């Protein structure tokens, strides 16, 4: 099989794995898989880090943007083919396909409550997105490439950053971890600050505004759950104060990324 045929095969694999991921995520709640929807599994392991249900609506945006990427890598919206970064797309496609398969398997592990396996699969997805965003960062991108290549994976990466922390928190609840006798609110404060540090450093190093806005969205969802009567009803003021402080500091980091002078190397022409 020559390189052109290999390229076509990889594009097809990318599209098929993406479609499989979308299909199983839709079935997860439509059937639902194992008789329980995705959110109900989360509710079965109550913890103070989980955001309000509406926060998960961001998956719709993520899947829409990834659909745009999938069509783009097939040749749609590319325009002048001579300017297409074929090697970048090849590298992204390989790892994106792996992440889609991991996402596909994660749904089953989650719905069948095999939480340790779900954690492992979440780490695979996270590792894939770290790699993808790392290679994208090195490229000089046109506005079109920013829209169809960078934006989908920035937002996906931002959400999976928070989802990985949430999955780990669920795992600790599932195994009955007692937190070394330290109260749950204190541990939640520590987890929130850890997420702030990881997210802010990643946002600044990658100079990624979209990634940062996703973190704000996720933490706003946590705040909403803590403030609403349908959630925790303001029972944990230390957590609420910490979430608000984290959102403010994410805003500061976003301001830095938006307005600080960009380095000459790697800038988009």
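The first residue you see is number 1, and the count goes up from there.
Cβ atoms are placed via backbone N, Cα and C, with glycine included.
Predicted automatically and left uncurated, TrEMBL annotations should be read as such.
Quick look at what TrEMBL lists:
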TRANSMEM  7-28  transmembrane segment
TRANSMEM  48-72  transmembrane segment
TRANSMEM  92-109  transmembrane segment
TRANSMEM  115-136  transmembrane segment
TRANSMEM  156-180  transmembrane segment
TRANSMEM  186-205  transmembrane segment
TRANSMEM  210-227  transmembrane segment
TRANSMEM  239-259  transmembrane segment
Of the listed stretches 92-109, 115-136, 156-180, 239-259, which one has the most C-beta pairs under 8 A with the transmembrane segment (210-227)?
239-259
In the same chain, who gets a Cβ under 8 Å from the transmembrane segment (115-136) while lying at least 6 residues past its ends?
45, 88, 91-92, 95-96, 98-99, 102-103, 105-106, 109, 149-150, 153-154, 156-157, 160-161, 163-164, 167-168, 170-171, 174-175, 206, 208, 211
Could you give the residue numbers and ranges of same-chain residues that sit at least 6 residues beyond the transmembrane segment (156-180) on either side and whose C-beta is under 8 angstroms from one of its C-beta atoms?
42, 45-47, 49-51, 58-59, 62, 65-66, 113, 115-116, 118-119, 122-123, 125-126, 129-130, 132-133, 187, 191, 194-195, 198-199, 202, 208, 210-215, 218-219
